[in-house]
Amino acid sequence: MALVPGYSSDEDDAMTPGDVFGLSSLPVKKPRMDDATKTSQLEAAPDVLSEDPLHQTSLVTRPTDTQMNVNIKYDDMMLPLQGPENPFGDRKRFLNQNALAGHVEEQSMTEHAFRAQHLTHAILGYSANPSIDPNAPTVLGSLESAQTNGFSTIDTMRSTRSQRRELKRKRKQKGDLDVVEGDGAYVGPWASWEGDEPENHFLTGVEAGEEEEEEEEEEEEEVVKTKKAKPKRGAPGQETSVFHGKSMTDYQGRTYMSAPVAEAPHLLQEAGSQECFIPKVCIHTWTGHTQGVSVIRTFPQTGHMFLSGSMDTKIKLWDVYTHGNCLRTFHGHVKAVKDVTFSNDGRQFLSCSYDRTIKLWDTETGQCLKRFGNGKIPYVVRFHPDQDKQHIFLAGMSDKKIIQYDMNTGDITQEYDQHLGPVNTITFVDENRRFVTTSDDKTIRAWDFDIPVVIKYIAEPHMHSMPAVTLHPSNRYFAAQSLDNQILIYSTDNFRQNRKKRFAGHSVAGYACQVGFSPDGKWISSGDGEGNVVFWDWKTGRIKSRLKAHSKVVIAHEWLPHDTSKVITASWDGLIKLWD
């Protein structure tokens, strides 16, 4: 059967006319509709609170809010905007504003031009305005000052010839060759300048006669004036000492010079006769120095007192066994104290300081007996240890010399001048016939006493400076603190280094930390730069103990000669401690 276009067969009667391919009978997919399009009709008013339960006086909305749950009155809606003004809006803060922060101009000038204007403004109070703005003033600062100086900068100003002539000093006349004294006398090239005369110039002739009665009164006034200028405490001739105690003597009439045998009977024993041990705990602290302590020295033989010299210029004498307090303070220097040393009997001691003086003191009365000095800084002082030479002392100076003084006459009797740097230590050896010195020149030199010729010169390329030397109790060796963090041992008879004994493991670089020996010679000790005291075994060279003693470098320490384990340590933190 032929199909006629536009008509369907019997089976397809139901098909739509013209729907040849039967598309209308296919299941049609309905377009998806959002909820928004479903309810597209307008809501007259959203859910609104009928009344304001919180009694809000203001409404805060975010810019993103699309809905408000409160009905607002028309008056409120028309109120002006609140809050700070937008600084980045169209409105400019300045009339000539051309940038966000204000008015900016590009400007370049040389360093010299800027400095000239800067100095002119600082000194004269005005400077040229570098702005190209036609409305800006030409001068910044004082206009009157600029007008008086003709708007010139300080580097272009010149004084006039007449002004310079007024300022220039005038030389007096050379005088007449024939006149020897008086007015018009010949002075030649030594003529003084006008205006250089002292204010209280000498009176001549009649004036002197008129003033004779008043001279005595004036002299008295001058004496009063000189008293007002008080010299510094500790200056030459102004040495004082203060005794810190109730009474100088006890009930038996003994001063602090006598050893307290009742409190410490072991002081009668021989030093070093007992076996010594390493201290462990701090049992006493002496305070009183306001700056770092640089040196301590125990009293000879007994060790019942000790001296301390400090960077606060004071020297203090401390008690060890009875009350552990300060006995006397010696004010005798105006700069830091470098070294102190007792005489053999302890009745006198020498002190040297960075104020370039060496002073002899009486330990008991506190008097300054004598002063010595040659204008150089003394770094070390030592009495001659022989009993018959207690009037002689040696001083190592900053000018590389060792100077020998006779205290009886105050004269320099010998100079040992071989070192190439400041002298740091002096150590007597070989029954005091010789002495050993060390210096910043990194050498050790040995001398015969009173003969200024070196008998032994020790210098190696690997050697460092040795700013602290201590004698072993047996007197057969001396220990030198080397600044490469080791202690070296030298023999006192042939001055050879004992290479088997070398004590290291501490850090002293840069500090002249004193070396110490226990009275029996069994232990060797040294302070270090971190505030520790390190103890080595003399025989094995091993570190036996490391004691944290102070917060700063332990520059000096001394073993008490009659105790088995007592050590006094002194540090740059200003404290002195007793350890047991």
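For all residues, glycine too, the Cβ spot is worked out from N, Cα and C.
Features as listed in TrEMBL:
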COMPBIAS  208-222  compositional bias 'Acidic residues'
REGION    1-45  region 'Disordered'
REGION    207-243  region 'Disordered'
REPEAT    286-320  repeat 'WD'
REPEAT    330-371  repeat 'WD'
REPEAT    416-450  repeat 'WD'
REPEAT    515-546  repeat 'WD'
REPEAT    547-580  repeat 'WD'
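Using a Cβ-Cβ cut-off under 8 Å and counting only residues 6 or more beyond its ends in the same chain, the repeat 'WD' (547-580) has close neighbours at 264, 266-267, 269, 271-272, 274-287, 289-298, 301-303, 306, 308, 310-312, 318, 320, 324, 511-514, 516-519, 525, 527-535. Long-range contacts of the repeat 'WD' (330-371) within the same chain: residues 232-236, 239-243, 255-257, 291, 294-295, 297, 299-301, 307-317, 377-383, 385, 387, 390, 393, 395, 405, 407, 410, each at least 6 residues beyond the stretch ends and with a Cβ under 8 Å from a Cβ of the stretch. Under 8 Å from some Cβ of the repeat 'WD' (286-320) lie the Cβ atoms of residues 234, 256, 259-260, 264, 267, 271, 326-346, 349, 351, 353, 355, 361, 363, 552, 555-558, 560-562, 568, 570-578, all in the same chain and six or more residues away from its ends.
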